[in-house]
Amino acid sequence: MGMATIARRKAVTFFSSSRHLYNNDRYTSTSKYSWILSRGFASGSEENDVVVIGGGPGGYVAAIKAAQLGLKTTCIEKRGALGGTCLNVGCIPSKALLHSSHMYHVAKHSFASHGVKFSSVEVDLPAMLAQKDKAVGNLTKGIEGLFKKNKVNYIKGYGKFLSPSEVSVDSLEGGNAVVKGKNIIIATGSDVKGLPGITIDEERIVSSTGALSLKEIPKKLVVIGAGYIGLEMGSVWGRLGSEVTVVEFAPDIVPTMDGEIRKQFQRLLEKQKMKFMLKTKVVSVDSTGNSVKLTLEPAAGGDQTILEADVVLVSAGRVPFTAGLGLEKIGVETDKAGRILVNERFATNVSGVFAIGDVIPGPMLAHKAEEDGVACVEYIAGKEGHVDYDMVPGVVYTHPEVASVGKTEEQVKSLGVDYRIGKFPFLANSRAKAIDDADGLVKILAEKESDKILGVHIMAPNAGELIHEAVLAMQYGASSEDIARTCHAHPTLSEAVKEAAMATYDKPIHM
């Protein structure tokens, strides 16, 4: 029997890896529906097995899965385009711009050292935005194609509850219809969180939506909020030539990130000329003049200062979007943050009504919403679903990327657990050195006695891809030795994960 197997068997469990971050045991789902084998389009007057309100990552995935399980399904989407915030004005367009701006930055600053020379390099912003829009359009049409393939009825309109089994839909084309469903899933996602006294006009004071479509590159961009979205959009415009200043009320950027990784991440962003004003409060924003003027003061109080910008990006987070749904009419309970309360089967306190994704507690991430959608529908169909929120990876798509899964070192310490740390820098990784992109590291946290992996944090090129080895390992309760004794191809960036695992339970080879 191998040491890694023994370690797994004697692993000490000190925190529960629950299916949901939030579980309200008061709510129970009493309705069970048989697996309906007939598929097909459902008209508004016919009763559906499943009605999904919202066509974002959680909603459209839930609708497709329901149809695949033989349930007559209708999906209602107010935007008129499927994919939700993620596809239309979030994840996808931002990653398109992050990639395009990175290509420009590398061409301008790095190509010559690789023996590739140009007489000049310039930005064609309209072409860059057009490429982004093309990617969004193609993917949206692709989801519509999946709806047709799986026989999901798609209604473009704004839905609101008439009763726990009836949704009134105001069509985008005019008119109204009532859609009936045995089970109704709320998947309406989230919206930009505003700040008191700041009016977003999507021109000079923009949300992430407006930041994706600026008509020209601002000379000075101020980002309010040092979270994932703010840093990503700041990176886009910084690469294209903007002077970027990030204003954050908290003492740190990305407060959910492992502290050691966060500090190195901030230093790398500062090397890219991104400026940070931490522990700083935005008192007001004035856009009446030729420039936007922000009045700032220390978070702890003190003298006020003025910061000027051409464009201000408000990136203070997101809030559940449930406006106009009529939740109060049918008695669906929410918490103080406006999130819908559900049990482990995603059922609300109202029989037959479910909720998934950003409108319920848990990480506001597209991939989390997708997992919610599949599990919720599986429960409705009489099967077993499963989502483990402790195993949801998070990624910041800057360069380098920062990806993580599991617990930070601060969280492990707070639990009073004895642990080991294994780290390996990409400066010692052959592939990273060969491609001249060696900033970052891999950090692994493992329980000292059992060697069970508790958390993995990666800052590197393509960290968002590298993290999934760690997600899979943790999902199956692996030890750091399990990863260390798994052969990794050479030369690859993923060898740094193997070396960090070796450093956790023993010693690395190449450092």
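Note that Cβ sites are derived from N, Cα and C of the backbone, with glycine treated the same way.
Taking Cβ-Cβ distances under 8 Å and a sequence separation of 6 or more, the neighbours of Cys91 (disulfide bond) in its chain are Ala366. Here TrEMBL flags Cys86-Cys91 as disulfide bond.
According to TrEMBL, the FAD binding site annotation covers Lys95, Gly159, Thr188, Gly189, Ser190, Asp358, Met364, Leu365, Ala366, His367. A 10 Å cutoff on Cβ-Cβ distances gives Ala366 (FAD binding site) a total of 22 other Cβ atoms nearby, all chains included.
Using a 10 Å radius centred on the Cβ of Glu248 (NAD(+) binding site) and all shown protein chains, the other Cβ atoms total 25. The feature NAD(+) binding site is assigned by TrEMBL to Gly225, Ala226, Gly227, Tyr228, Ile229, Gly230, Leu231, Glu232, Glu248, Gly317.
If you look up TrEMBL, you'll see 392-501 marked as domain 'Pyridine nucleotide-disulphide oxidoreductase dimerisation'.
Here the Cβ of Cys86 (disulfide bond) has 22 other Cβ atoms within 10 Å, regardless of which shown protein chain they belong to. Taken through DSSP, the domain 'Pyridine nucleotide-disulphide oxidoreductase dimerisation' (392-501) splits into 39 helix, 33 strand, 38 coil. Each of Val223, Val246, Ile253, Val254, Ser315 belongs to the same chain as Gly225, Ala226, Gly227, Tyr228, Ile229, Gly230, Leu231, Glu232, Glu248, Gly317, is absent from that list, and has a C-beta within 8 angstroms of the C-beta centroid marking the NAD(+) site. Sparsest Cβ environment among the binding-site residues Gly225, Gly227 (other Cβ atoms counted within 10 Å): Gly227. Here the C-alpha separation of Gly225 (NAD(+) binding site) and Cys86 (disulfide bond) works out to 19 Å. Taking the Cα of Gly227 (NAD(+) binding site) as the reference point, the closest of the recorded positions Cys86, Lys95, Thr188, Met364 is Met364.
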